[in-house]
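Asker: The structure's right below; bear with me while I get my questions together.
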Amino acid sequence: MVGTQQQPLQVLNALDVAKTQWYHFTAIVIAGMGFFTDAYDLFCISLVTKLLGRIYYTVPGSPTPGILPPNVSAAVNGVAFCGTLSGQLFFGWLGDKMGRKKVYGMTLMMMVLFSLASGQSFGHTPKTVMGTLCFFRFWLGFGIGGDYPLSATIMSEYANKKTRGAFIAAVFAMQGFGILAGGLIAIVISSVFRARFPSPAYAVDPAASVPPQADYVWRIILMFGSVPAGVTYYWRLKMPETARYTALVAKNAKQAAADMSKVLQVEITEEQAKSMESKNEAQYGLFSMEFLRRHGKHLLGTTMTWLLLDIAFYSQNLFQKDIFSAIGWIPKPKTMSALDELYKIARAQTLIALCGTVPGYWFTVGLIDIIGRFWIQLVGFFMMSVFMLGLALPYHHWTTSGNHIGFVVMYAFTFFFANFGPNSTTFIVPAEIFPARLRSTCHGISAASGKVGAIIGSFGFLYLAQNPDQTKTDHGYPPGIGVRNSLFLLAGCNIFGLLFTFLVPESKGKSLEEMSGENDSDETSDYYVGAEYEEYPAKRIGNSFQ
């Protein structure tokens, strides 16, 4: 009895203890370029909204340049989040029904097509241009949403258990480079057009401050998002289905043996792989009492921590304008031309990404399989709370002349501990703790919960953070509770995130089957106790997905 139950575990164990190979790094790049594109497409719109306001909403004779009305700004910036939320739920479910590989190509093709389409937004009036832009960006977000559960699930099912956290974190860390690339591309494009079509500041000549060619600038920046996605499309189609899905869900032993051989560069016979099929006989659905008993609190933990994290994370742009204006990175709009403003916004965002965003991601990659997911997330939430309270309590001190450097440092550390903390771990853990047949679905649900938080953080707090004095609010916005009180609320969100972290189990050094409860018998539990494993005896071969 023990021998027959250990046989399938030995095959899965071959995946868990396989040495890190070139294929793993190839998979990181292929999956990571999807996240590079995701971040570029979602964040680059914030770089061009000021330019869109100047081009389409400048009122002749106004002393200040045009800006997007609040409802239009919310739609342009938020419609991709709505699409992403929908895509996470739909493609997460579809990835468990059809397989990761079949759906993976669909999401990337959507990103390519709708990145290009966003730059082709058409119409003769501001309303029609913004309307078509929103339509295309919704479907762009829909494709981006699918990349979250699929990339995480594929990487978790390819990786060995020793470095699985670092591999999934490395995929997610490509977001940092995507944000950085968005800023750099905007800097390059705006610099080229500024040199070719020089224009005066708005205060000097309002009409001439926006050259007609500026309409090409934002379109080129948005369309560039199709390039990295298009480059990796062929290689994504060449990736084999994950062996765990093929064997445990699709129950195709022959194909599983072939795919495992490619991934591990070892030869595994069909007879060995067939033994895996018996492991998944106890089926239970997402809405069953059995799932609730086994994983209900885990799903509550992953959804709530991601929701609370994204409320805080996406609300941090509320005080970017205070920082940039206070330290002189971005002068008053009327003192710049449209392309000057774009250049300076992109430069400021790039510096923030370089100093606060990118390092945090890679600290997670380096330390997650040493420290563990739980402690990185717990400490991350705690430090975010500390720094947000550190910004809120003496807020008036930070905003007075001479104290701006301290404000920037506190702000950068908040970003750092978000990325070296829950922003990374909330993506990683849902791909590790649920059963193979529900893994993509549960990750999609967790990610969609995060996007609800992103919408609340980006737009709910945009209104909440307005000055209580009507005369000091941003144009078109009603009075709110102010930035200081908003920071107190956000610190509270982080504290609740810390508490919900206790519902999420630690997955460091454990197999996916051990975490998901797919090895429930006494024999299999005994088999997985301890850290020493024998690598499955198999003949080495040198194939890969070529």
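Cβ atoms here come from the backbone N, Cα and C positions, even for glycine.
According to TrEMBL, the record shows the following:
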type: DOMAIN; residues: 27-509; note: domain 'Major facilitator superfamily (MFS) profile'
type: TRANSMEM; residues: 22-48; note: transmembrane segment
type: TRANSMEM; residues: 103-122; note: transmembrane segment
type: TRANSMEM; residues: 166-193; note: transmembrane segment
type: TRANSMEM; residues: 216-235; note: transmembrane segment
type: TRANSMEM; residues: 298-315; note: transmembrane segment
type: TRANSMEM; residues: 351-371; note: transmembrane segment
type: TRANSMEM; residues: 378-398; note: transmembrane segment
type: TRANSMEM; residues: 404-421; note: transmembrane segment
type: TRANSMEM; residues: 442-465; note: transmembrane segment
type: TRANSMEM; residues: 485-505; note: transmembrane segment
Asker: By a Cβ-Cβ criterion of under 8 Å, what residues six or more beyond either terminus of the transmembrane segment (166-193) are in contact with it?
Answerer: 24, 27-28, 31-33, 35-40, 43-44, 47-48, 151-152, 155-156, 158-159, 211, 213-214, 216-217, 220-221, 224, 228, 339, 342-343, 345-347, 349-350, 353-354, 357-358, 360-362, 364-366, 368-369, 419, 424, 427-428, 431-432
Asker: Any residues 6+ beyond the ends of the transmembrane segment (442-465) with a Cβ under 8 Å from its own?
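Answerer: Counting only partners 6 or more residues beyond its ends, the transmembrane segment (442-465) has Cβ contacts under 8 Å with 74, 77-78, 81-82, 84-85, 88-93, 95, 145, 148-149, 152-153, 286, 295, 299, 302-304, 306-315, 317-319, 426-427, 430-431, 434, 477-478, 480-483, 485-486, 489-490.
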Asker: Check the transmembrane segment (216-235) against each of 22-48, 351-371, 378-398 and return whichever range has the most CB pairs under 8 Å.
Answerer: 22-48
Asker: Looking at the domain 'Major facilitator superfamily (MFS) profile' (27-509) alone, can you tell me the average pLDDT?
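Answerer: Mean pLDDT for the domain 'Major facilitator superfamily (MFS) profile' (27-509): 87.
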Asker: If we skip the immediate neighbours and take only residues 6+ beyond the ends of the transmembrane segment (103-122), which ones have a Cβ under 8 Å from one of its Cβ atoms?
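Answerer: That would be 34, 37-38, 41, 87, 91, 94-95, 128-130, 132-133, 136-137, 139-140, 142-147, 150, 154, 218-220, 222-226, 229-230, 232-233, 236-237, 239.
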Asker: Out of 351-371, 378-398, 485-505, what stretch is closest in contact terms to the transmembrane segment (404-421), meaning most Cβ pairs under 8 angstroms?
Answerer: 351-371
Asker: So what's near the transmembrane segment (378-398) in sequence-distant terms, Cβ-Cβ under 8 Å and 6+ beyond its ends?
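Answerer: Sequence-distant neighbours of the transmembrane segment (378-398): 305, 309, 312, 319, 404, 406-407, 410-411, 413-414, 417-418, 420-423, 425, 483-485, 487-488, 490-491, 494-495, 497-498, 501.
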Asker: Any residues 6+ beyond the ends of the transmembrane segment (351-371) with a Cβ under 8 Å from its own?
Answerer: 162-166, 169-170, 172-173, 175-177, 179-180, 183, 320, 329, 411-421, 423-425, 428, 508-509
